[in-house]
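Heads up: the structure comes next, in structure tokens.
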Amino acid sequence: MRSDLTAFLMMQYKNNQSVLVVIYTKDTNRVLMLQRQDDPDFWQSVTGTIESDETPKKTAIRELWEEVRLDISENSTALFDCNESIEFEIFPHFRYKYAPNITHCKEHWFLCEVEKEFIPVLSEHLDFCWVSAKKAVEMTKSQNNAEAIKKYLFNLRR
């Protein structure tokens, strides 16, 4: 009985494995930034928790659909797996979503190139904007989001 209760309680918490998907445009190289509902001062790229039956890539595809209604197929070349993941400290005001004593999350990085800027259908965010990579880095409170943009988009040349 005790293990059943523990399993049930663990299902109520978020997994501490997630994805970050930085969406940028092919024509302008601008980055899509999203304003969080639970912290309106927090702007970020698409993020999401990896479910128990998912790979990081499947999570990235699902989160693109859920957060901005961008439909990317499994074989699409628009979604690029950076094959990089980082561990970061979860902001204290978001820790209630995780099991007790969980303070860090492992995040897998992806890029998603779209042909041109689009108006996302928002279901989990208050607002959006398309900005330069430099401005996106300045806007986000997430150090890892800023690092991914700097590493992969600052020197992007066409």
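Using N, Cα and C of the backbone, Cβ positions are placed for all residues, glycine too.
Residues annotated as substrate binding site in Swiss-Prot: Lys14, Arg36, Thr47, Phe88, Glu89, Ile90, Phe91, Ser142. Under DSSP, Glu89 (substrate binding site) is assigned to a strand (E or B) in the three-state scheme.
The domain 'Nudix hydrolase' annotation in Swiss-Prot covers 14-153.
According to Swiss-Prot, the motif 'Nudix box' annotation covers 48-69. Among residues of the same chain six or more beyond the motif 'Nudix box' (48-69), those with a C-beta under 8 A of the stretch's C-beta atoms are 14-15, 17-19, 21, 23, 32, 34, 79, 81, 85, 108, 110, 112, 120-125, 128.
Around Glu67 (Mg(2+) binding site), the same-chain residues at least 6 positions away in sequence with a Cβ under 8 Å from its Cβ are Leu34, Val46, Gly48, Pro120, Leu122, Ser123, Glu124, His125. Residues or ranges marked as Mg(2+) binding site by Swiss-Prot: Glu63, Glu67, Glu124.
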Arg36, Thr47, Phe88, Glu89, Phe91 screened against Glu63 (Mg(2+) binding site), Cα within 10 Å - retained binding-site residues = Thr47
If you count other Cβ atoms within 10 Å of each one's Cβ, which of the binding-site residues Glu63, Glu89, Glu124 has the most?
-> Glu63
Tell me, if you would, which residue among Phe88, Phe91 (binding-site residues) has the fewest other CB atoms within 10 Å in the structure shown?
-> Phe91
